Structure formats: structure tokens, C-alpha cells
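The structure under discussion appears below in the form of C-alpha cells.
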Amino acid sequence: MAISVLVINCGSSSIKYALISERREDRIYGLAENLGAADARIKGITIGGEPLELSIPYADHAKALETLLARLANYNPQAIGHRVVHGGTMTHAERLTQDTIDRIRHAVPLAPLHNPANLIGIEATLALFPHLPQVAVFDTAFHQTMPERAYRYALPQFLYSDYQVRRYGFHGTSHAYVSERASELAGQKNQGGWLSAHLGNGSSTCAIWNGESIDTSMGMTPLEGVVMGTRSGDVDPSLPLFLSNNLGWDIQKIDNMLNKESGLLGLSDLSNDMRTLVEASENGHEGATLAIEVFCYRLAKSLSALSCGLPRLDGLIFTGGIGENAANIREKTVAYLPHFGLQFSVEKNNSLARGTEGRIDHGTGPQIWVIPTDEEGRIAKETRQVLGQLN
Ligand code: ADP
């Protein structure tokens, strides 16, 4: 019997959690949000499916975790799995030891916004549940199978050897889950060549061959690659120099602009939210229409580029809030990939709504799948694997 795992995902001002038992329908999940603010609160679902809302004014991460873990203790978690964004060159999930914690800390300069929050979660849960086995599951680990030609930047060698400047890739648990699931549904478990597009607030693409990541669109940080909600994705590396020389911007202002004011938000001058943009575009908003066009074209371009690494293309997978829900985004993207020989079914594509997995091609040529992602489920699975509780 599989053990029940508490999955903790600590962000800069929020904590997502899920308690995952062997029965999928028993899953409890929720989040603590607005941490540090007057309206900090916990929102979730109890085991009976009842909504839970709890006000925790000005609670920080540690306080929120304490409140949360005291409640979840009633459900008897037997292990804890932590999502950790940057694992450096760690290739697998690892049981938490002082050495693992030191290595997560060592990767802080590579993910200064994410790893410190992940460490707060780890330290708080270790203090509160010292006897439970705990595991760190890294967003980067799945991509450690990339060949050197895919992970190296064309930069002076010492930046790689002395400072670990290289491509790492993110969203690993999602790409791993959806590619395994699609290949299973296709009856070829973890075999063949797949391209996956994880499209949420952050977005990335991945090429997978026989179950291993061989290339991905995100790089040393999650800023590289396709157009995202507020992140620019790829731009000319000389842009910061131009902004500094001509507008007098400092590096913080440039970083903020590229991460928080660009992407769909910057292009549309309206919103970072795809649902809002789809509606606005239908009502004639030019910025929204342009943002959607650039998003789909650049996404198709990224998928085409990654396809170079695959000996054969068996299928394309859409996931994440946009990939799972926005039928028109899937249709526009596939329209920019005529050379893939995809036989797209408009009817099947339009019939898929949130949470539904399904195949949206006519059954000839490479397959096209919509697979709702399950990062928490994957973290629980990897936690069990590390602890020797295979399921
Ligand atoms: P996160 O990366 O924060 O986990 P999600 O995977 O939930 O985000 O994706 C959020 C994105 O999905 C938002 O841009 C949202 O507008 C988009 N989205 C959700 N539902 C729809 C829909 N029906 N149509 C278009 N976009 C949608």
C-alpha cells in the first residue's frame, strides 16, 4: 500500500500544499496566501470535500506552516515531499539530509527568488515533524539528462566551470508527468519522441526521448525561452546594454521589467492572464490579438527548434492552465507547425475542457494530446520512490 505524502510548495508569498494518499479521490489540497500581509489566509479543501478558510493575519511562512501542519497532522502524513525549484546538478529527488540542504543553499544564487522560500518550508517542517522522512524534489532534475550540446551556452569556458553558468531547465515534474502519461495512453510507455508545452503563468517546452529530457526552453533561470505571463522569454542579449546606455536604467530595473512587466502583459498592455486576453481579442482589442499571435508563433518556433534533438516525433502534448483550457491557442500553435505532419481535429480540440485529458488529432501522423498536469502527484510519487515505497 502506498504511503500518504504531504507535498509542500513554498513560494515567495504563498505555500501550496497537498496531502496525497493512495486513493486519488482522497486528496486534500489548498494554499496559504498573502503571507506577511493583514489578509494572510489559508484556503483549502478538507478530506470530506468541504471548503476550509482560515484567517492568519500577518503570518509569515513559518507561522503559516505551523498552523497548517497542526491541522494536517490529524490526517497522519507518513512522509513529506518538498518542491525545490533549483537543484543545481542534482539528478534525482533526494532524501533531506544536512548535505542536501547545503546543496539547495548552494543553488540560491541560481534561483534567488525561489530557493530561499523553499528552504524556509524545509526548515519549518523539519522542526515540526522531526521524525517524518522528508524528500526534496527538484524542478531542474528531470533535465539533467540533457546532452552537453543542449545545456552549454556559447560563453567563455570558465563561466561554466567556475560559476556553473549553464542551462538547467525548469517545470521538470510537469514535463516528466505529462510525457509519461501521454506515452502510457499511447501504449508505448516512456518510449519514443515527445514534445511537451507547459503553458501557465510560466511556460516552457521540452523534448523527451525514451522518457528522458533531451532539451528544454528555459535556461539558467526561468526567464529564457517562450513568451510567458509577465516574463519576456528570449530577447537579444544586448537589450540590457541598450536600456542602460539610452534610458539610464540600472540592472534591477531591467530585471524587474523582463520578469514582471513583459510577456503577455507587456505586449497587450492589458493583462498577463490568457483568459482575459482571449475575451478581449474577441472584442477587438488589438494589443490582446498581438500578444496571442506572438505567444503562439514563438511557442511553435520553440517546439520546432527542440524537435531537432528528437530522432522521431511521436507526439505533441499541451498542459498547464493555458494548454489545458485554451482551445484557440492550441489550434493557432499547431497551425504554425505544418511540417510536423499533424492531423489536427478542430472538433476534438474544441470539446476538451479543464481537467479532461484527451487526444485531439485524427489518428494518423504524430499524436496530439491534452494532459492535465499533476505536479503534486509526481512529487508524491518521487518521494515514495526515494523512500523505497514504489507504486
Ligand atoms: P501557474 O503557472 O501559476 O500554475 P496555471 O497553470 O494555473 O498557472 O495557468 C494560468 C493561466 O491559464 C492563466 O494565463 C489563465 O488565464 C490561463 N487559463 C485558465 N483557464 C483558461 C481558459 N479557459 N482560457 C484561456 N486561458 C485560461
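A Cβ is built for glycine as well, from the same backbone N, Cα and C atoms used for every other residue.
Predicted automatically and left uncurated, TrEMBL annotations should be read as such.
Annotated features, as they stand in TrEMBL:
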ACT_SITE  ASP139  active site, proton donor/acceptor
BINDING   ASN9, GLU375  Mg(2+) binding site
BINDING   LYS16, HIS198, LEU199, GLY200, ASN201, GLY202, ASP273, MET274, ARG275, GLY321, ILE322, GLY323, GLU324, ASN325  ATP binding site
BINDING   ARG83  substrate binding site
SITE      HIS171  site 'Transition state stabilizer'
SITE      ARG231  site 'Transition state stabilizer'
Quick one: of ASP139, ARG275, GLU375, which recorded positions lie within 10 angstroms of HIS171 (site 'Transition state stabilizer'), measuring between C-alpha atoms? Sequence order, please. ASP139, GLU375
Determine the Cβ neighbour count for ASP273 (ATP binding site): the number of other Cβ atoms within 10 Å of its Cβ. 17
If you measure C-alpha to C-alpha, which of ARG83, ASP273, ARG275 (binding-site residues) come within 10 angstroms of the residue listed as 'active site, proton donor/acceptor'? ARG83
Can you grab the distance from ILE322 (ATP binding site) over to ARG231 (site 'Transition state stabilizer')? Cα atoms, rounded to a whole Å. 15
Would you mind sorting out which of ASN9, ARG83, ARG231, GLU375 (the recorded positions) have a C-alpha within 10 A of the one on ASN201 (ATP binding site)? ARG231
With the fewest other Cβ atoms within 10 Å, the residue among the binding-site residues ASN9, ASN201 is ASN201
Which recorded positions from the set HIS171, ASN201, ASP273, ARG275, ILE322 come near ligand 1, judged by a Cβ under 6 Å from any of its atoms? ASN201, ASP273, ARG275, ILE322
Enumerate same-chain residues with a sequence separation of six or more from ARG83 (substrate binding site) and a Cβ-Cβ distance below 8 A; give 'none' if the list is empty. VAL7, ILE8, ASN9, CYS10, ASN118, VAL137, ASP139, THR173, GLU375, ILE379
Given LEU199 (ATP binding site) and ARG231 (site 'Transition state stabilizer'), what distance in Å do their CA atoms have, once rounded to a whole number? 13
Which secondary structure state does DSSP assign to ARG83 (substrate binding site), in the simple three-class scheme? strand
Taking every pair from LYS16, HIS198, LEU199, GLY200, ASN201, GLY202, ASP273, MET274, ARG275, GLY321, ILE322, GLY323, GLU324, ASN325, which the record gives as binding ATP, the longest CA to CA distance in angstrom is 23
Filtered by Cβ under 8 Å and at least 6 apart in sequence, the residues in the chain of GLU324 (ATP binding site) near it are PHE318, LEU352, ARG354, GLY355, VAL370, ILE371, PRO372, THR373
Return only the integer: C-alpha distance in Å from ASP273 (ATP binding site) to ARG231 (site 'Transition state stabilizer'). 12
